[in-house]
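Worksheet: the structure to be examined is printed underneath.
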Ligand SMILES: Cc1ncc(COP(=O)(O)OP(=O)(O)O)c(N)n1
Ligand SMILES: Cc1nc(C(=O)O)sc1CCOP(=O)(O)O
Ligand SMILES: [Mg+2]
């Protein structure tokens, strides 16, 4: 049994994943702060093109901005950035590195998430050291290049039911999916474009009726 325990309690209900281009109009920090005011419960900094130094600087700014809230900051892909910025956690995909090594370097306090795209990956999953899984894509999306084949709500439901860890659904989701996600058994939904790049990110986040999620 793993003896890690995240220092910050986390809530997967509404998980914002950022996109630099989509957030550019409002600005990254302002988008995240508005989304948190609107009810986002978790934030992941995801930028495939920024340098490590740029990402560390952004992550530090976000950590400062989120100070005093219950909202954890998770870093996408880059273990070194998560550690250098003192972020609350890391999210890695199937090809992004070794879970045990990530946990060893992050220490017991960090939140560690892993992507699961199909039932074979879930069957092979060792939950040791992990805190949650992201299941997706539920639907096709333009926000992630080369995403895996969409699972649909049926596939999501199957995977969420078999997951030994809390799960968050991702991929092509918007406010119309809240009830279906709740029924799927996933603990919440993760979104990029339903919040990032929307004219009013606070209102966009608040439009997710989490009372039923
Ligand atoms: C919450 C959440 N779930 C899944 C992913 C996808 O991670 P990954 O498969 O590593 O793909 P990239 O995001 O790195 O392109 C995620 N980022 N967040
Ligand atoms: C970052 C990411 N990961 C996915 C996965 O399937 O693992 S889908 C995705 C993009 C989600 O963006 P949007 O909410 O705009 O569809
Ligand atoms: Mg990744």
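Just so it is clear, glycine is given a Cβ too, placed from its N, Cα and C backbone atoms.
Quick look at what TrEMBL lists:
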type    : residues                         : note
DOMAIN  : 14-195                           : domain 'Thiamine phosphate synthase/TenI'
BINDING : 44, 45, 46, 47, 48, 76, 115, 144 : 4-amino-2-methyl-5-(diphosphooxymethyl)pyrimidine binding site
BINDING : 77, 96                           : Mg(2+) binding site
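Location within the structure of each feature annotated in TrEMBL.
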residue	record	contacts (Cβ under 8 Å, 6+ apart)
44	4-amino-2-methyl-5-(diphosphooxymethyl)pyrimidine binding site	15, 16, 17, 18, 73, 74, 75, 76, 91, 190
45	4-amino-2-methyl-5-(diphosphooxymethyl)pyrimidine binding site	18, 55, 58, 59, 62, 73, 74, 75, 76, 87
46	4-amino-2-methyl-5-(diphosphooxymethyl)pyrimidine binding site	17, 18, 19, 76, 77, 192
47	4-amino-2-methyl-5-(diphosphooxymethyl)pyrimidine binding site	18, 19, 20, 54, 55, 58, 76
48	4-amino-2-methyl-5-(diphosphooxymethyl)pyrimidine binding site	77
96	Mg(2+) binding site	77
115	4-amino-2-methyl-5-(diphosphooxymethyl)pyrimidine binding site	91, 92, 93, 94, 133, 134, 135, 136
144	4-amino-2-methyl-5-(diphosphooxymethyl)pyrimidine binding site	137, 171
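Among the binding-site residues 44, 45, 47, 48, 144, not one has its Cβ under 6 Å from an atom of ligand 3. In the three-state DSSP reading, residue 45 (4-amino-2-methyl-5-(diphosphooxymethyl)pyrimidine binding site) counts as strand.
Proximity of the binding-site residues (45, 76, 77, 144) to ligand 2: a Cβ under 6 Å from the molecule is found for 144. Taking a Cβ distance under 6 Å to any atom of ligand 1 as the criterion, the binding-site residues 45, 48, 77, 96, 115, 144 reduce to 77, 96, 115, 144.
Mapped onto three states, the DSSP output places residue 76 (4-amino-2-methyl-5-(diphosphooxymethyl)pyrimidine binding site) in strand. Of all the Cβ atoms in the protein chains shown, 20 others lie within 10 Å of the Cβ of residue 76 (4-amino-2-methyl-5-(diphosphooxymethyl)pyrimidine binding site).
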